[in-house]
């Protein structure tokens, strides 16, 4: 199938808007320039639309296998397509865990059968994510593992993490870490701050995260491993990562939209749609995250899309599971609150969600160039709509942003040369 995307605008290397047409043949971009339609070619009129590389999210939870009531690979991929994402990386805290070559092969086949966008599967660092016995890294890599993580829990012992890092380095794969010292969680459900005190809740202190990162960057230095910090959330953590980068340690970090947009002072009562892990931190932490993103300490943005059933989220703040969904709201929220207000340029947001995650992990995506995969998102920057969780394609409706008015909604998503979302509906 051949497509010609005409009349839209792209960003050049300086962030200037330039009008360009894009020809797609098969699964790749074949030409970019001022182009005329060829015979039999399908023309997509992108007049007034921002033509972006497909967005990239390297931290999602699709729950399959074992959690299909919350999400499946198919529904998660549909949510990604609606949100403008063409490449996502799925975390391994499923049941069973992808901790064997056979389980990874099953997962890769399931992705091929049901996903409308590119889904990169993480493998677990330890068997069943228990932290006790390391998985077969070589076998999992051969079966298609993107990287290794026990996300959902932190690897508690330094010895296990060090051995995992050495093994990962030997096969040129990254260790991706959920950073949390279990002895410092204290049964918490929110940040250990004013909100916790006012509502009589156990709090999770900032040091719970930062102390794990401090340990791990030293282990990564010793092992020669690429170490990536998931969903960084505290000013202390930002300081540790900044210092590690200055020391030449190969560390990267991501931050979520919700940690950039909200702090614990924004939680309206005991609303479990504001419960996630790591929790919303203090306003000072939020400012440190924004500064870390600006100065390059934090490399890119990832949603940590974490769907749950409505029944689960109707429990108390202490009992409800951690997590919110984010794939269908990330770009509009960030564009509205940071680009429309002049705090960021469109180029900065574009890079945080396309170029930079791909550069961090050496992925050949995130750019619009001839010869690259035809992963393209058309975004209407002027369209204003309210977030309506009832329209989500994800099974999860657990969002704190329901009803918020946003600009910058994806109008069409093309993944690997196939139209997967267009004008408010999926393209079959």
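Each Cβ is built from the backbone N, Cα and C atoms, and glycine gets one as well.
For 304, the entry in Swiss-Prot reads active site, with the evidence type sequence analysis. The Zn(2+) 1 binding site annotation in Swiss-Prot covers 59, 61, 151, 304. The substrate binding site feature in Swiss-Prot is assigned to 61, 62, 63, 93, 277, 308, 322, 323. According to Swiss-Prot, the feature Zn(2+) 2 binding site maps to 151, 178, 231, an assignment based on sequence analysis.
Counted within 10 Å of its Cβ, the other Cβ atoms near residue 304 (active site) come to 27, all protein chains included.
Recorded residues residue 59 (Zn(2+) 1 binding site) and residue 231 (Zn(2+) 2 binding site) have their alpha carbons 9 Å apart, per Cα-Cα distance.
Of the recorded residues, residue 304 (active site) and residue 63 (substrate binding site) place their C-alpha atoms 12 Å from one another. If you measure from the Cα atom of residue 62 (substrate binding site) to that of residue 178 (Zn(2+) 2 binding site), you get 17 Å. Cβ proximity to the Zn(2+) 2 site centre (mean Cβ of 151, 178, 231, cutoff 8 Å) flags the following additional same-chain residues: 59, 91, 149, 152, 176, 177, 179, 230, 277, 304. Among the binding-site residues 93, 178, 277, 322, 323, the ones whose Cα sits within 10 Å of the Cα of residue 151 (Zn(2+) 1 binding site) are 93, 178. Site extent for substrate: among the recorded binding residues 61, 62, 63, 93, 277, 308, 322, 323, the largest C-alpha separation is 16 Å.
Classification of residue 62 (substrate binding site) by DSSP places it in coil, neither helical nor stranded. Within 10 Å (C-alpha to C-alpha) of residue 61 (Zn(2+) 1 binding site) lie the following binding-site residues from 93, 178, 231, 277, 322: 93. Between the CA atoms of residue 231 (Zn(2+) 2 binding site) and residue 277 (substrate binding site) there is a gap of 9 Å, rounded to the nearest whole number. When the alpha carbons of residue 93 (substrate binding site) and residue 178 (Zn(2+) 2 binding site) are compared, the span between them is 11 angstrom.
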